[in-house]
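Q: Residues annotated as transmembrane segment in TrEMBL: 7-28, 432-453, 465-490, 510-531, 552-571, 696-713, 725-744, 756-773, 793-810, 884-904, 916-937, 957-976. Among the features that TrEMBL reports, region 'Disordered' is placed at 35-58. According to TrEMBL, the feature domain 'GPI ethanolamine phosphate transferase 2 C-terminal' maps to 651-959.
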Amino acid sequence: MRLGSGTFAACCVVIQVLGVALFLRGFFPAPVRSSSRTEHQAEPPAPEPSAGDRSNWTKLPPPLFRKVVIMLIDGLRDDFVFGSKGVKFMPYTTYLVEKGASHSFVAEAKLPTVTMPRIKALMTGSLPGFIDVVRNLNSPALVEDNVITQAKAAGKRIIFYGDETWVKLFPKHFVEYDGTTSFFVSDYTEVDDNVTRHLDKVLKRGDWDVLILHYLGLDHIGHVSGPSSPLIGHKLREMDSILMKIHTSLLSEERETLVPNLLVLCGDHGMSEAGGHGASSVEELNTALILISSAFERKPGDIRRPKHVQQTDLAATLAIGLGLPIPGNSVGSLLFPTVEGRPVREQLRFLHLNAVQLSKLLQENVPSYTKEPGFEQFKMSERLHGNWIRLYLEENNSEVLFNLGAKVRRQYLEALRTLSLSLSRQVAQYDIYSMLVGTVMVLEVLVLLLISIPQALSSKAELEVPLWSPVFSLLFYLVFLVLSALHVIVCTSAESSCYFCGLSWLTAGGVMALISALLCAVVSALAKVFADGRLLRKNPAHPKARWSELDVLILLGTLGHVLSLGASSFVEEEHQTWYFLINTLCLALCHELYRNCFLRDDCEPQPCSHVEQGLVSSEPALSDGNIHCNVSEPHRVSKSPTSLDTLRGYEKWMVLASPWVILTCCRLLRSLNQTGVQWAHRPDLGHWLTSSDHKAELSVLAALSLLMIFVLVQRRCSLTSKVAMALGLLGVYCYRAAIGNVLFPWQRDSKDISKGVIEARFVHVFVLGILFTGTKDLLKSQVIAADFTIKTVGLWEIYSGLVLLAALLFRPHNLPVLVLSLLIQTLMTKFIWKPLRHDAAEITIMHYWFGQAFFYFQGNSNNIATVDVSAGFVGLDTYMEVPAAFLTAFATFAGPVLWASHLVSFLSTETHSGSALSHACFCYALTCSFPVSAYIILVTSLRHHLFIWSVFSPKLLYEGMHVLITAAICVFFTAMDQTNTKS
């Protein structure tokens, strides 16, 4: 069966998406779990240890607090409370921390630092899996043992107001609730007012035991404006007044009941310096945790500094405080300061219950648990505890009893610390079988693409896929039977859960058939390659054709980038790799331009400068004084035979200067946004522009940038699209002025701030209008096949619509990134690609490199915290999952998408041959498949690496998203290629 190289590449990338998805499902593990209480059935508590005499304490201790109020402030990092901001904006909270009846902690969250996994950690005490980053968008009901379920089973009445994630995690658990949407980050007032409006009424009532309040406004401000925004102070002051109201109400109630209540102030995660979260910086990991109760009265001169604890410790502490069993999956330890005022016997009882729960979890997840130091310490503590109980029951109040009790307490605390640490290290239980199946699919696709290079990049841009040959069929059935047998053996003997084994037999059989077909295709292609002997030859039609310097640079650059992904530092600072590669590419192009202009070797000027076929089939026009000129160049990028020698005056000087202008643009962009890890904290131009003191400068820059975008884009649009583009860009500025990012000339301040929904929708209308006009022109070009101009205009209008959408979603200080991207594309189109006549393969890889570089120029990095969630809600007045996800993904990957869109427009406009888009699609797919396949192998081998979750796993998620976007791009390439063929 014959396929076009573009169609073949698109099919390969779609298969690779399936392989990567299966690998990700296996790689992101299920955390350690207890098998004893998966459905929260009641278990008798462990009895108090005894030595000889039988203890009479076999039940759970009574609750320490009558009522518990949990006030969770989303994004409350520790320095917002314990730093200068807390002193300035939260005076009441600061008083409680320094002099009041409270215990303060800096609670360290674990990755991933997003809301849903952190709520799970707070209520279950377990370490959620990294895949919860994806589930954060649509939280499923929590079936794991947790404090909320235990409280409901014990008859506690729970009321909740705030983030609706709680309602999704704990359905039918609350006697009263009011959920608010957590993803609509443009709203930071109503989202909190909807919580606070219930307080006056509910605090006066006595028909509840647990009250949970989840405030989202602080986190939303961080996403939109960053932690340095003046709005942060206003929000902290608001939260302080709410805390004072709750605390005052609880104290007045205690005077009547004489039973202490507990108020918990905590954050789910912190906030990076850019305002996001999801990564592993200190600002994102460290959160404030304050436990406030009259039971914690301190003596004069008692200074309590915030201690560093784990966020998972709160679940065990809440369970003890409410008189509930500790959740079975909890890896946290009791916060001992909360019970140190209790009698020694109660203290030891609480510590023993916690140690028994952790030791059981260790036994269920670690086969060699008896050799673990924590388990040995627990057994020793239990024996000492039994001795203490014997002395206590003998009513021995001597100093020996006191000293032994202190020793047992220290031993328990050390055992808890060691057990918790051991369990935290056991977080990874990889689904190796699913990972292996996904890896095999990805690698088969990569090998098939590599073997298909000679045929796919030939002038016909077609290749033979021998799907129906007898040898193929025989090999296919044999491989399919072997794989099916292996599947049955693995799934019937697997001790742990396996996602791939859980699929239906029909689905699993389809995957096996696909793997078998790919393997047979690889074998057939290899046999043909060895028979022809032309694998990776520069040009099959010209065996003596040599690789140019640009070809070598592209090959070495691609391989070097892939190899660099094996080091954590290179992954964190990947932007440096791409900056280096595009700078080197510019110097190589400069060298090629100057050589063709000034080094003649007494030869006549060249009418053509490249051989047209091969992997990256470019060869210098003048090499060793010999002229290699191919008469027919089917995908040459110039419609008319132009050369550097025909250029005169202004054009020639622009050709010579263009690489240096591009290098200058890239250097300016590097100064705009500091990214990565090592230098992300250093000040950059973006921080200077976004500060409140420089709003006028930012307004001028935004206006000039929007004007330049119009100038650079409108040149090839129709009149209707030009008007729509102008009005759309004006709407972009109005939107940013409405939400307070920039100012109009007649404005002195930005007091009248709104959500800008109307202005953003105004721009969305023009985006859709331009895209519709471009699509209409493309369809019209199919009817009028002779009119090539209509198709050219249509493709450019689609590209222009995407540019307008990017201008709307980019923050104002990032608009110069879009301007310089358009400028570089214009310079390279007119003064580099046309004069040098690079072929489609070379131009494709250059577009890919620049697209990757502009991903980082936007301020993105390989951690989740740099994702601008606020972009997903531009123009939305309520949370809608699909539009929000699309807008967020487009804003994040705007660089690669815009450069790929420009590539389609350029190749469709500047080439005569219909094979150019096929070649481009194939090269784009191959260039993407190489790093993805290599990275999957790397993370598999490094799955026990120290930085696997903080560095390698977020990058893996980005790679998965990159493959999905590449599949969409390749499908678009193929569709445009088909229209070229019909034309």
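The backbone N, Cα and C atoms fix where each Cβ goes, glycine too.
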Q: For the transmembrane segment (916-937), name the stretch out of 432-453, 696-713, 725-744 with the most CB-CB pairs under 8 Å.
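A: Checked against 432-453, 696-713, 725-744; highest Cβ contact count belongs to 432-453.
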Q: Do any residues of this chain, six or more beyond the ends of the transmembrane segment (696-713), have a C-beta under 8 angstroms from a C-beta of it, and if so which?
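A: Answer is 689-690, 725-726, 729-730, 732-733, 736-737, 741-744, 800, 803, 807, 812-813, 815-816, 818-819, 822-823, 826.
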Q: As a test: from 7-28, 510-531, 552-571, 756-773, 957-976, pick the stretch that has the greatest number of Cβ pairs under 8 Å with the transmembrane segment (432-453).
A: 7-28
Q: Using a Cβ-Cβ cut-off of under 8 Å, list the residues of the same chain that are 6+ residues beyond the ends of the transmembrane segment (793-810) and lie near it.
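A: Contacts of the transmembrane segment (793-810) (Cβ under 8 Å, skipping residues fewer than 6 from its ends): 706, 709, 713-714, 716-718, 721, 725, 728-729, 731-732, 735, 760, 763-764, 766-768, 770-771, 773-778, 780-781, 817-818, 822, 858, 868, 871, 874-875, 887, 890-891, 894, 897-898, 901-902, 904-905, 908-909, 976.
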Q: Under 8 Å for C-beta pairs, could you tell me which stretch among 7-28, 725-744, 957-976 has the largest tally with the transmembrane segment (510-531)?
A: 7-28
Q: Using a Cβ cut-off under 8 Å, which residues of the same chain at least 6 positions beyond either end of the transmembrane segment (884-904) come close to it?
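A: Beyond its ends, the transmembrane segment (884-904) has Cβ neighbours at 137, 183, 795, 798-799, 802-803, 805-806, 809-810, 817-818, 821, 825, 843-844, 847-848, 850-858, 860, 867-869, 871-874, 876, 917, 920, 924, 961-962, 965, 969, 972-973, 976.
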Q: Compute the average pLDDT of the predicted model within the domain 'GPI ethanolamine phosphate transferase 2 C-terminal' (651-959).
A: 88
